[in-house]
Amino acid sequence: MREILHIQGGQCGNQIGAKFWEVVCDEHGIDPTGRYTGTSDLQLERVNVYYNEASCGRFVPRAVLMDLEPGTMDSVRTGPYGQIFRPDNFVFGQSGAGNNWAKGHYTEGAELIDSVLDVVRKEAENCDCLQGFQVCHSLGGGTGSGMGTLLISKIREEYPDRMMLTFSVFPSPKVSDTVVEPYNATLSVHQLVENADECMVLDNEALYDICFRTLKLTTPSFGDLNHLISATMSGVTCCLRFPGQLNSDLRKLAVNLIPFPRLHFFMVGFAPLTSRGSQQYRALTVPELTQQMWDAKNMMCAADPRHGRYLTASAMFRGKMSTKEVDEQMINVQNKNSSYFVEWIPNNVKSSVCDIPPTGLSMASTFVGNSTSIQEMFRRVSEQFTSMFRRKAFLHWYTGEGMDEMEFTEAESNMNDLVSEYQQYQDATSDEEGEYEDEDQEPEEDM
């Protein structure tokens, strides 16, 4: 019941996904061979959200793994939980996308997409009542961004009424892997705005900062970064998988977080984050969790919520705690920081409580916020995009795969529109109600 189909694409997506399955297997007491070794009935009660039970009693993840080169997939297959996946669900090409969005979206990816869709269909048919899809990918490369967005649009066509949640790793401001990241990211955002329902925005630099500052890791590896992401991913869906007092699911999350359909890019955070050594000395209380969860340093993307305002937010608490205390703390946050919330959406913070904490913690919380300050991410990518596109730098790699310059111009203006929309609602106040009736006709001055 309420199954979620997980899809991971590209190197980044597959590495995050592999880590995520380690976390979920751990929570449900499933060992690397797919056998259940847990102790609590609660682990099995709704295990079928993420797993299929095979005839021999093994649990197989509802996961589709795709990439345009075999490398990363081989390392997933030989990794700790590599044997748990269905062998047919590994779909890969041989050529690679070479960090080129056009290869992932139009040429190489388009050749592979049908075999991916076959696997997706097969998995979806195995579901009793499919809730939606979650996609892990990065926006800077070729496969995750190009082929990832292609798959999202194809799934959108075939399953228009199912939720589409993405965990998208944006290019970082200072750390860059490839020079064409701004192109790939802008072309991807153009697709995500139209075809995804909810995008959790992540970025390596913010994750590095958390590892470095909060977790006191001197040399964080991608494994550490991906562990943070997977904690958040597991938190977002814990209400579907374990009983709770105040439940939420992907659709409730969307209804509560998205006031305007295009503005569905969320910041995420997780608490408690403590360095490995000092874990056991920390007393966890709901106020402490709440404080850390709302802390700007805790956000997993390089945008500062203090530079904008929250349209909406949602907090998912896990563990044995009083619902009353959770509600009081959330109201408290809103009252103390009222200037950071838009006043024209009353009660814009939703909380949910799930009784089962993550492994090794007594309580934890996941934060998802829709803040106008996320425009900082888009602005930054857009500036980098424009400075290259103005000179038509590296463009031949894309036009050579059959793309047209028009597509770049469209993607650029779509991203700039998105930024303006966020800015417009950031500046809006509740006494301006009358002004919005005729906004379509009048050009706005502040754009």
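Note: Cβ is positioned from N, Cα and C throughout, glycine not excepted.
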If Swiss-Prot gives GLN11, SER138, GLY142, THR143, GLY144, ASN204, ASN226 as binding GTP, which of GLU53, GLU69, GLU288 does it give for that site as well? GLU69
DSSP residue counts for the compositional bias 'Polar residues' (419-428), split into helix, strand and coil: 9 helix, 0 strand, 1 coil
According to DSSP, which of helix, strand or coil covers THR143 (GTP binding site)? helix
Could you check what DSSP calls GLU69 (GTP binding site) once collapsed to helix, strand or coil? coil
Could you work out which of the binding-site residues (THR143, ASN204) has its C-beta surrounded by the smallest number of other C-beta atoms within 10 A? ASN204
Of all the Cα pairs drawn from GLN11, GLU69, SER138, GLY142, THR143, GLY144, ASN204, ASN226, the residues the record ties to GTP, which distance is largest, in Å? 23
